[in-house]
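Here is what TrEMBL records for this protein:
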| type | residues | note |
| --- | --- | --- |
| REGION | 1-35 | region 'Disordered' |
| TRANSMEM | 51-72 | transmembrane segment |
| TRANSMEM | 79-99 | transmembrane segment |
| TRANSMEM | 111-133 | transmembrane segment |
| TRANSMEM | 145-166 | transmembrane segment |
Amino acid sequence: MSDETNLTDKTAHTETTDGTASGSEGTKGRGLFHKPPRVGEETVWQLMYRAIYQSLLFIGVFAVVSAIAGYMFSGLHGIWSAVMALVAVILFCLSNPVLVSVLSRLHLRPAAYLTWFLLGWMIKVGIVVAVLLGIKDAQWLDPKLCAVFLLIGAAIVLAAEIHTAATSRVPYVDPPKRDRFED
């Protein structure tokens, strides 16, 4: 693909034989939601950053829609329900990509990695249970509406993380075949 121009691009852009881009566009032309050009190019941190960014985009839309819907259903109590649900969703769901990216930089053994990951999950579940128990008898919000917003927010973040996983480039590696009689 040496010295071929990209006809869909408005700027002069060529690819060299090693696959690197030359021209004014460079790697800035890749959108955030596009797949990386080569297998193995996306690191764990880049993947988790994209998961966090996409989740924040979806949560931003969810925050506006839930505040409007909360006001329509319960007035000021509905807005507070939306805010509490938003805080709980951010604490619970977005801490997962952050935890994975931090643990991957520590280069832990698999058992230690799994231990810290499960400890993080237990802490997150404890925080969400404490939030739910705290808002159960709260007079300043609508608990049922808050629970509905929590479920919707968790589903939105799950959809964003599934989208990130589905559009990421992960190499598929088959394990080497072993002979039965080799052992």
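Note: Cβ is positioned from N, Cα and C throughout, glycine not excepted.
Ranked by number of Cβ pairs under 8 Å to the transmembrane segment (111-133), the listed stretches 51-72, 79-99, 145-166 are led by 79-99.
Within its own chain, the transmembrane segment (145-166) is flanked in space by residues 47, 50-51, 54-55, 57-59, 62, 66, 70, 73-74, 77-78, 81-82, 84-86, 88-89, 92-94, 96-97, 132, 135, which lie at least six positions past its ends and keep a Cβ under 8 Å from the stretch.
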